[in-house]
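Among the features that Swiss-Prot reports, GTP binding site is placed at 484-491, 530-534, 584-587, with the record citing sequence analysis. What Swiss-Prot records for 48-63, 120-177, 212-263 is compositional bias 'Basic and acidic residues'. If you look up Swiss-Prot, you'll see 104-115, 178-211, 302-330 marked as compositional bias 'Low complexity'. Among the features that Swiss-Prot reports, compositional bias 'Gly residues' is placed at 359-372. Under the heading domain 'tr-type G', Swiss-Prot lists 475-644. Taken from Swiss-Prot, the feature region 'Disordered' covers 48-84, 96-388. Sequence annotations record features per position, and here Swiss-Prot assigns region 'G1' to 484-491 based on similarity to another entry. Residues or ranges marked as region 'G2' in Swiss-Prot: 509-513. Annotated region 'G3' per Swiss-Prot: 530-533, in sequence order, evidence recorded as similarity to another entry. As annotated by Swiss-Prot, region 'G4' applies to 584-587, with the evidence given as similarity to another entry.
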Amino acid sequence: MASNNVAQFAAELKMPAGVLLEQLQAAGVQKASEDDALSETDKARLLDHLRKSHGATDGDKRKITLTRRHTSEIKQADATGKARTIQVEVRKKRTFVKRDDVSETGADQAQAQTDEQAEAELKRREEEARREAELLEKQAQELRERQERLEREEAERRAREEAAEAERRRAEEEAAAKRAAAAQAEAAQQAAAAREQAQRAQSEPAEQSAQDEARAAAERAAQREAAKKAEDAAREAADKARAEQEEIRKRREAAEAEARAIREMMNTPRRAQVKAVEPPKPAEPPAAKAAEAKGTLHKPAKPAGEAAAARPAAKKPASGAPAPAAAPAGDRTKKPGTGKSGWQDDAAKRRGIKTRGDSSGGVDRGWRGGPKGRGKHQDSASSFQAPTEPIVREVHVPETISVADLAHKMSIKASEVIKVMMKMGQMVTINQVLDQETAMIVVEELGHRALAAKLDDPEALLVEGEIGSDAEQLPRPPVVTVMGHVDHGKTSLLDYIRRAKVAAGEAGGITQHIGAYHVETPRGVVTFLDTPGHEAFTAMRARGAKATDIVILVVAADDGVMPQTKEAISHAKAGGVPIVVAINKIDKPEANPDRVKQELVAEGVVPEEYGGDSPFVPVSAKTGAGIDDLLENVLLQAEVLELKAPVESPAKGIVIEAKLDKGKGPVATVLVQSGTLSRGDVVLAGTAYGRVRAMLDENGKPTKEAGPSIPVEIQGLSEVPGAGEEVIVLPDERKAREIALFRQGKFRDVKLAKQQAAKLESMLEQMGEGEVQNLPLIIKADVQGSQEALVQSLLKLSTDEVRVQIVHSAVGGISESDVNLATASKAVIIGFNTRADAQARKLAEANGIDIRYYNIIYDAVDEVKAAMSGMLAPEKREVVTGMVEVRQVFKVPKVGTVAGCMVTDGVVKRSSSVRVLRNNVVIFTGELDSLKRFKDDVKEVKQGFECGMSLKNFNDIVEGDQFEVFEVTEVARTL
């Protein structure tokens, strides 16, 4: 979401709007309220201000990289015990950056971290800034309390020191005065006693008063000096405390501002170099302090005051002890040339003291960050922290997705997805493709949100292109489809209009392809589509109705409304296309146009004279009667429709028919619906794409361009497109290839996913059905529409016992690969208007493959139907040949029971089966064991003769039983 005002920008940065207004005013951007507009320039000025306040500089820093290489040899024994000398080369690389002079301002004195540290700490800086702000808040509170205590203690200490100093000076003055008095006394002793006594008596009071006056003056001066020093110390301590509080406040504000700046920079695409704020450091050992105070070649030393101000803030406040006074930096200096400071790792200089806890919240942890992590490198950028709560992800699930990709989207292992699917009762592998519904169930099962979406679908660009086209709409010719039942004269009617003879050259006198022609009439151009009338070409007729503007429904006057006539009416009504009825064959004596009208009214097509909206025109394709009236009505309907299409725009159309020509390659008949198709255009048709190399009209003549409603044949596609596919002209062949490959993969993945989902169901169906005969077929046709119609017609022949299995169907001639496939699958090859080449014929003869050629769809369907009938199991029927009555029963040793019988009806044969009836109830069914007349075995006994009969495995024969004699015959079945 683009932030247009201060309030929106503050919500985006997750900070109060008032704080943002203060920062904007500090940056020189005058914004008074939250509703003020905010431009990109204002944001840039705010970012520059924040960077400068954090110490970022624009100047390039000079740096030098030094590499040291050291080679040594070591000897090591291998597995055989033999000593080997190994060359070991150690390379060390250090980068030194020249910093600014130490005497510059505080922003220039701050140490800029190296690029590697900045990149590593950029990701965790926001969390660290928050922790540092909380820590600084605590430290500020405790610092204020400690500072007050320090001020009081410092004032008392200095007062005591001043008082002691004044007392010492006063004692020295008294001692000096005493020594002077003693010297004078010694000099006076040499004089006369009288005079000395007199002088002593006179000078003693004066001397005492002088000493008292000098002592009082010295005390007053000492008190004034002590008070002045105490006042200076208190003022200095207060200034220092205020400076430290101001520094803490600035650092807290800087940390918060830096966190906001980091959030903004993480959202921007370009990489912004932000100078990192130096985090507070714990107290350091003397060696590290000396190195820091002096500085190295690439790290300047800090001033003593700054180091002393930074140390109390980083020390743990719970200790309660006052901070030690900062010693002068010059007392603990270390020369750069001594030791290993030039090649030593920076982390050695940042080694902290041992503490019971980390007061910095993990901000300052380096190579040896804590007491238990000594010697271990824990890089915070690469260390993993387990989430405290489960992460719910939004998973975009395409139409098909593999198990591995689905697991990757959820950031889990593929084995977890496989486990869940096993619990759901489906065994999958890591590379198996799942359909969208199954994948979404798995995502929900694992606790994530599943969204059905098409990510990176290149076809979305096509929709955007359609919306953006605003070319001028111009009138276009109408597209008229001729539909009707087979043999009702559709092609003959078009032949008369076009003055051509297409019908005479068609196999069997029927149309088996969809044809496209355009005819110039005195009133304009009309494009005709001729569709087949056979029931097998339903899909072809549906495509014709989809691409048309007007339908001419041809009905034979002597035949009336037939099944395909009704189907054509339903296609036209489904497409919302007006119908013009042509009642053909009115020249025949048995023609009855009135009956045709009544039948069409029953189907919902009402003529104009009956109050409907469908013109009925009686015509004769043989004599030409009524043809002009038919064209007049068609053009009248076209004027009412006001057909328009853009001309000066990329072409769009539909594939009417497609085929594979041996010399030309894939050829597609395209009806242009809008725009202009030119030679050299890049076209996309379904999964096929390519550049138009050649373009022919319906007469086979080359043409350079085709406008709306004009049918043309184009060459140059990558493969044979599907009939009915939409044709689009694209400006870029790379984009066309991308969309075509995407469609191919999508079609293949969806097909595989559906096959996988239906495996279990089909397995159960086959188990329930038992043994089913399969007739494998390979179908090669001349055009896509014929191949589609033939496949659908043959699949309809399948029954519960015999099933047609289409192993492969395609457009083009029969090749060696087709014969090899037929050999492997034991299939029969059917060529519809195609032939096999020489190599394929030789291979088929060698392998015994049956190749059948047809040019009429009836013949192909009938022969396949006959072959399937031969595969059916024969039907067994029982035929009763005679009836026998038992007159007497004989018990014969070693033979069994023999019945003396009379043949009452028909004939009894030795090979017949017998059914025993007792009281008209069947009690046994079996075979004859013997058939005798007197003592001779006979083959048959006719009606009216007596015979003796014995049955296999049945001796319970009673007088009065009847034997029904029958034979089982097998009858061939048909579909």
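From the backbone N, Cα and C atoms, a Cβ is placed for every residue, glycine too.
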_Across the region 'G4' (584-587), what are the DSSP residue counts per state (helix, strand, coil)?_
0 helix, 1 strand, 3 coil
_DSSP-assigned states of the region 'G1' (484-491) in counts, ordered helix, strand, coil_ = 2 helix, 1 strand, 5 coil
*Please give the sequence-distant neighbours of the region 'G4' (584-587): residues at least 6 beyond its ends with Cβ less than 8 Å from one of its Cβ atoms.*
488-489, 492-493, 554-559, 593, 618-623, 625-626
_Rounded mean pLDDT for the residues that make up the region 'G4' (584-587)_ = 86
*asked:* Validating a neighbour-count step here. Other CB atoms within 10 A of the CB of Gly484 (GTP binding site): how many?
replied: 29
_Around the C-beta of Lys490 (GTP binding site), how many further C-beta atoms are within 10 angstroms, looking at every protein chain?_
30
*asked:* For the compositional bias 'Basic and acidic residues' (120-177), how many residues does DSSP put in helix, in strand and in coil?
replied: 56 helix, 0 strand, 2 coil
*Look at the binding-site residues Asp487, Thr531, Ile586 and tell me which residue has the greatest number of other C-beta atoms within 10 angstroms of its C-beta.*
Thr531
*What three-state class does DSSP give Thr531 (GTP binding site)?*
coil
